[in-house]
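A.B. asks: If you scroll down you'll find the structure; I have some questions about it.
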């Protein structure tokens, strides 16, 4: 039944009438996502893209029954937008915004504890259940309904894995970009746990990168999990020099932690199949499933 979102998910957009909110809402509607409205403070009572605009998330939820929100708000205001969605008890919140100050996200992280909200991102491409619901900036046409769950810190590498699994005929159950910032709402462990429990997901692709210990935590979880499914992983940044940030804010090797080799070793010890080239992700998964 996929995870997080499906054709019944009712989505609102925060930052609805802005340039990015408008463009990507149009794309989501064209894909078939059940967009029910949007939020732009001061523009409540108007319509945009033939959908109602509200001043607050609380009002939007009360009027539309929305249970998911996507946020296209500038970095300085994005954390407040997330907090507003948490306060309104929106179940799934996807924040696309890059560059949110770390201390702002620490406040958000604290607010998430004990809340009813699952935050995806920030600095992420979003979530898609192919053929049902697209929340985010990913190109919808490369996705195909299928059985592979994909979770990634990198947006463009997510698209690479999607295109390859589509090309070899496997397709995807749900694809999640968790984002490349050091403080995010949902991590690898959260997503892998959901995929392992999902009957529709037969195998998992996990795309990590240097920096932090999210991949090592995932390896330990996989090792301890009683539910087993085939998992293929690619880690970006094998040639990255220590101390140099590589694209994402969280992609930096500090001291003795966060290197690609450490992550690869941890994942291999958990039984994860490693591919060292992003061009081989789909083929590696297909070969693994054919062997099984």
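A Cβ is built for glycine as well, from the same backbone N, Cα and C atoms used for every other residue.
Not my notes, these are from Swiss-Prot:
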type	residues	note
BINDING	17, 18, 19, 20, 43, 96, 97, 98	CoA binding site
BINDING	159	substrate binding site
ACT_SITE	248	active site, tele-phosphohistidine intermediate
A.B. asks: Using all protein chains shown, find which of the binding-site residues 17, 20, 97 scores highest when you count other CB atoms within 10 A of its CB.
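C.D. replies: Of 17, 20, 97, the one with the most crowded Cβ is 97.
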A.B. asks: Cα distance, residue 159 (substrate binding site) to residue 18 (CoA binding site), nearest Å?
C.D. replies: 25
A.B. asks: Counting across all protein chains present, how many other Cβ atoms fall within 10 Å of the Cβ of residue 96 (CoA binding site)?
C.D. replies: 26
A.B. asks: By a simple count of other Cβ atoms within 10 Å, which of 18, 19, 43, 159, the binding-site residues in the record, is least packed?
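C.D. replies: Ranked by other Cβ atoms within 10 Å, the binding-site residues 18, 19, 43, 159 bottom out at 19.
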A.B. asks: Cα of residue 96 (CoA binding site) to Cα of residue 159 (substrate binding site): how many Å, rounded?
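C.D. replies: Residue 96 (CoA binding site) and residue 159 (substrate binding site) have their Cα atoms 16 Å apart.
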A.B. asks: Roughly how wide, in whole Å, is the group 17, 18, 19, 20, 43, 96, 97, 98 that binds CoA, by largest Cα to Cα distance?
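C.D. replies: Max Cα-Cα spread across the CoA binders: 24 Å.
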A.B. asks: Give the distance between the Cα atoms of residue 98 (CoA binding site) and residue 159 (substrate binding site), rounded to the nearest whole Å.
C.D. replies: 18
